[in-house]
Amino acid sequence: MTFLKKTAASVLALSVMTGAAFAGDTIKVGVLHSLSGTMAISETTLKDTMLMLIEEQNAKGGLLGKQLEAVVVDPASDWPLFSEKARELISVHDVDVIFGNWTSVSRKSVLPVIEELNGLLFYPVQYEGEESSKNVFYTGAAPNQQAIPATDYFLEELGVEKFALLGTDYVYPRTTNNILKAYLQGKGVSDGDIFVNYTPFGHSDWSKIVADVVALGADGKKVGVISTINGDANIGFYKELAAAGISADDIPVVAFSVGEEELSGLDTSNLVGHLAAWNYFQSADTEVNEAFVAKWKETMGEERVTNDPMEAHYIGFNMWVNAATAADTTDVDAVRTAMYGQEFGNLTGGTAVMLPNHHLAKPVLIGEIQDDGQFDIISQTDEVAGDAWTDFLPESSVLKSDWKDLGCGMYNTTTQTCVQTLSNY
Amino acid sequence: MGSRLFLGGLITMLRTLFACLALMCWCQTGLAQELTVQEILQQNKKLVEKSSRKTIGPVIAQIAASNLSQAQVFLEAWGSKQVWQRRSDGLFFFGTEVAKRQYELTDPDSGEAVGEFTKKQLKQLKPNSGVRALIATALVQFQLFDPDPAKRAEALQTMERVPTAMHLAPLRLSIDNEQDADLKARKSRLERLLTISFDPDTATRVAAIQSFEGGLGVDVRATLNPLVVTSMNITSGDLPTDENIARVIKPGSEYLSMPAAYDLLVAGKLAPPATSAEDIRAALVAHIDGGQVAKISVAQLSDPEIRRQAYDRLAEQSLVPAFIGEEDIAKKLLGYRFYETFAETSVAVTDAAQAALSKIDLNVGMNQTLDLTLDAISLASIYFLAAIGLAITFGVMGVINMAHGEFIMMGAYTGYVVQQVIPNHTVSILVALPLAFAVTFAAGVVMERLVIRYLYNRPLETLLATFGISIALQQLAKNIFGTQARPLTAPGWLDGAWVMNDVVSISYIRIAIFILALIFLCVFLFIMKRTRLGLETRTVTQNPRMAASMGINPERVNMLTFGLGSGIAGVAGVAIGLFAKVTSEMGNDYIVQSFMTVVVGGVGNIWGALAGATMIGFLQKGIEWGYPSNTLAAQTYMIIFIIIFIQFKPRGIIALKGRAAGD
Amino acid sequence: MRTSFIAKYPSVLVFLLALASFTIIVTILSEGFGIGVISTSFIKTLGKTLCLCLIAVAMDLVWGFAGILSLGHFAFFGLGGYMIGMWLMYERTRLIVTEALMQGQIPPTGSEVIDSIGSQIFGVVGSNEFPLIWTFADSLGLQLLLVVLVPGILALVFGWLAFRSRVTGVYLSILTQAMTLALALYLFQNDSGLRGNNGLSGLQNLPGVEAPQSIVSMWFFLASAMALGLGYSLAAWIVSGKFGSVLRGIRDNETRVRFLGYSVEGFKLAIFTLTACIAAIAGALYYPQAGIINPAEIVPIASIYLAVWVAIGGRGRLYGAVIGAGFVSLISTWFTGGKAPDIPLGFYTIKWVDWWLVLLGLSFVGVTLFAPKGIGGLFDLMKKRRARHEHTS
């Protein structure tokens, strides 16, 4: 039954390409997630989430009296292909909004196209900040909504004095670690107490790095690991950590890219107590979340889990629907204006608000890994407003983004001028 | 006198904290004797509900010092997240799950059951690991003398994690009566460590330090290093005599650059800040007057020289502070001396600690080399395992099989599927190894029959065809198993690591892979040298026509040899999946490395593959050691080295000689 | 000389004619210059395909004619893209930055401009200083020269080392693969100075050009067509002459050519370096159309695909390479674009997004087994049939 439904949904979703005749009667929603290549592991889930959300909305009567229609394309984890497919979505398929991207580089690849053609993109993944585009709504966490609170937790609750920043070698870990380094120095942690290491994507040989981290404890300070290790490299890392017998009480690890999905590839019994910081965990104890998880499992199968970027799409999609309803059109500029101040309930309780800098105000959650692959939420803050430009790097601290009143994504508050309206790629 | 930065670190901080706590306990025991646990909790309800390491300390101390018999039980339950709060009245209870989302509560004081409640009516206390550490520390006083050795071990572990001054005395008391030999040894070791940090008597401390000479434990170094922590001081006169001075530093030396030294002066308010280009700009902007700054027109100010002139003019008018450049800095620095002092005041202790540490460092260095060697051997055995199948198909038969990586993947997925059917990890691995061999052997035979045998004379086209098979297999795996990584879990007895000391250790799973690689080496040698198939294989590779005329069926031999190579790749896949990940793309990680292993080592010879894997493994670890923060650089330089190596030894480390070498 | 080469290689004329008419038709149908039937995004796809055809021609020269199966030519292609990308990125950022700084109260100094360009470009990798390799990024002329020089010198050095020590056949293929892997890994590092994994982006925006993308894309399309025409003619001219004969001789029996007194290594090195330069030019035209270049573009698999295109098209014939590259890359776009209809089988729906790669992979096998001459082989078949037909009549 589920299978049939699933098939029916995908046939409906993908039939766009043949049925141009329907074009006038539907509102098209572009889904730009890799379905093949290295990122398919994370992004396929988001495509399925979008199809589920759209199907749900259509069951509720669609939007503005029309049915929604998903246009799914496969950029195949190939970054130049992202910009090609984005152009195709906007100029050939005439989509009114795009939900998509995972990696920062794919977002940077799409940015020029989307700004040139005045499209609308909802980007659901936690990212490094230092960017604000008029045409992008960032529904994932900015560094101050994930990295900074987690570091505070390390400093204050766990009393960590020496930090190992381990990351995969790409822009998100690099920038996040730069921000964290500046932040920690501001908190009085000396340079010598910050150990930084970068590994390639999919790295699997972790024994030496884990040994290096253990050796950090030699000067009698409490060591903590802040991990921005991406994707399946985590599996090898956690396996090595478990093998070395490092308990979370000795050297706690907090990860920013490890969620329920990544843990499903692991036996977590040796990792109990290690941490992750997100804006959402599947274990959040609310009724909306229960319903969301149940719906997801019904659509995709009992063993599937939900994760943070899925919630970001859930919030983003519903905000877009509400904004379009409020504006009574799907025109990009009208919807963008209507987006500011949109509120929608988080799955973890409380309300997310869309700010004029295109980021959300969301609560920050810290969870401990449990032996069933889920997280036990041990700390939940109030809503934190996402900050496009970090306050902890000198050149960014003077910048501010306000598309609503200032109409500028990169506004220098000391000189009171708009540095540029297009974003850096 | 210069400013004194105090870098005492964890120990000093805790020392103060616990001194305060102990004081508070004394005061409160008198007052709070009659209070029950529940009453203490209710008094501090806010703190308990939102427990934070920073604020919960007094509450824990109060419970621990309450002399209540249930204090220990309660703290243990709290630490293991078994305490629940009833939403209706805010009272705290022990909770045990009796059914799904259904909990039975017991009173923490009387131990009586209160009834069953649903999860909705309750709120769990979730102390974070910082709070749990405080609870554990408070529990030490109970657990240290507990009849249960497990509890005593727990207390020891807590003290090892967070050494505190207040534990030294009770620990000393507990040593004599300790029956368990292991625990006794641990206790006396810990006692010496605590002595180093907290004993008031210098001679005792020095003796304790000397007892650890050459010790490799991280805890020893963690105890000694804080003793030799220094802080930088500045003086304009003579060096003080009442401080434990580590060394005097000259500005401009490699330890302290001139600008850094000047920054210290500025930070100590001993000198005005140096003028930066940004300062000049800001000053000029602030003094723009009708399109001019100090009578120089703004348009000219794009030249740094003219900016400087304008600034100097402003300085002459005393509108801005005078320019301070490099010369001024150097002159100013002459008037000050920079020196480092130990936070530890006793010279005898710091001397002993330094002496002990230098011996330890030497020892640690040697052991790190050993550890690196073990890592390198482990990496080499993984490369060898991944490449050994290729050493047969490529090395012996000369077939370029780009789908080799996908055979590794097939083996790993076989392991995953077996684990889904057989939940017992030990049994499932024992089943998976031969099954993976069978599956990939069959796949190899099919591929050889359908594709490769038509291409024996066209090696470059074999490359393309097998590459096609490789991407088809990868996508098939994705279609079947999905894109998520799949768990392949090692049996419990392979968990953990073989720990020689705190520096040298290697995980059991890596040892298992090493042994597996050795077994394969032997199997390979046995098949090639001692069996009919091996003889026939060698014959067919050297001269198929002659072999055929001797009654050997070359087609059959090729098929079996290829199957064997593929089968070994499958088994390697299970092993690799156990320590890394199982995804449809895992083959990509090993294919280029495997080819390089075979080529570097020398084709046509199993010892070549072994030599190649060893060289690559050691090289990679060596470079990683040189670039500790950048693993990617290590891989890059290793490949460049290999490219250059092949220029000089095109036939690999172990080249076949004579006719067998062919051309 | 010119006449003799066309006489020897009459297909050049046919090819140039076909290319010209294709270009004219596309121009007429385009959004930028014509009636707007073909969308800008498809013009870009076509323009990029022409560049891929050009590197396929280079690949055919080095593999189909000289027998060197290089699995590293995409490294040169990528380097060409990086070299032009550096100028595009520098110049565009300089314009933005200067405009912003000019709004300040006092005019910026030279070093202030450079610093803020640096922090704009390298901000994403957490740095703000220009690495040494960007020394010439401010000059279009020099950087264009580097498009050819850098890959050319890399090819020269690598080729000299490899051919000198007589690394041939499969070993050379693996070695070239190692080279491109090393380069990709190097560029993946953030400290490489070329923005690590992010690479250079926003390349489709030409600095100082106000024209919309529909026009810019046509410029590049026409430039790519012209480059392909020139490259094809050059390649045809090379293989029709004595140089080409020696190359074919090397491919068929290297030892014999050496015994005849030819410096085999010299010939190999020359063709390897020349094709690397052609590949680099193709890359320099390709990436401004793609908009972004990053190290993932030059991982070994890209070069293997290149070899596969040539094999499918039919190696040893230049038009085969063009057909192969054009056919496979366009059909790939079609399948991954989600335009291909699903095939419902009742119990299972075949989604092309899932099955396209399986099909592609199996078709490699099919081509190598059953049509070793590739699609180009069909032309032979037709020619033969016609000849037979004429013969019988």
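A Cβ is built for glycine as well, from the same backbone N, Cα and C atoms used for every other residue.
Worth saying up front: this structure is predicted, and the values here are computed from it rather than measured.
For the transmembrane segment (C:12-38), same-chain residues at least 6 beyond its ends with a Cβ under 8 Å from one of its own Cβ atoms are 5-6, 46, 212, 214-218, 221-222, 225, 228-229, 232-233, 236, 318-319, 322. Residues annotated as transmembrane segment in TrEMBL: C:12-38 (among others).
For C:50-79 (among others), the entry in TrEMBL reads transmembrane segment. Note on the transmembrane segment (C:50-79): residues 150-151, 154-155, 169-170, 172-174, 176-177, 179-180, 183-184, 221, 224-225, 227-228, 231-232, 235, 238-239, 244, 247-248, 250-252, 254, 267-268, 271-272, 274-283, 285-286, 289, 293, 295, 297-298, 300, 302-304, 306-307, 309-310, 313, 315-318, 320-322, 324-326, 329 of its chain, located 6 or more positions outside it, place their CB under 8 angstroms from a CB of the stretch.
Among the features that TrEMBL reports, transmembrane segment is placed at C:140-163 (among others).
The list of residues near the transmembrane segment (C:170-188) in space but at least 6 beyond its ends in sequence, with Cβ under 8 angstroms from a Cβ of it, reads 68-75, 78-79, 82, 158, 162, 194, 196-197, 199, 294-296, 298-300, 302-304. Taken from TrEMBL, the feature transmembrane segment covers C:170-188 (among others).
If you look up TrEMBL, you'll see C:216-239 (among others) marked as transmembrane segment.
Summarising the annotation, TrEMBL assigns transmembrane segment to C:259-286 (among others).
According to TrEMBL, the transmembrane segment annotation covers C:292-311 (among others).
Positions annotated as transmembrane segment by TrEMBL: C:318-335 (among others). Remote same-chain residues near the transmembrane segment (C:318-335) are listed as 11, 15, 45, 48-49, 52-53, 55-57, 59-61, 64, 228, 232, 235-236, 239, 305-306, 308-312, 352-353, 356, 360, 373-376, 379 (criterion: CB distance under 8 Å, separation of at least six residues from the stretch ends).
Annotation comment: TrEMBL describes C:355-379 (among others) as transmembrane segment. Listed as Cβ neighbours of the transmembrane segment (C:355-379) (distance under 8 Å, sequence separation of 6 or more from its ends, same chain) are residues 308, 310-315, 317, 319-320, 323-324, 327-328, 332, 335-336, 340.
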Counting Cβ pairs closer than 8 Å to the transmembrane segment (C:259-286), the top stretch among C:140-163, C:216-239, C:292-311 is C:140-163
Could you pull out which residues elsewhere in the chain have a CB under 8 Å from any CB of the transmembrane segment (C:140-163), counting only those six or more residues past its ends? 75-76, 79-80, 83-84, 86-87, 91, 172, 175-176, 179, 264-265, 268-269, 272-273, 275-277, 279-281, 283-284
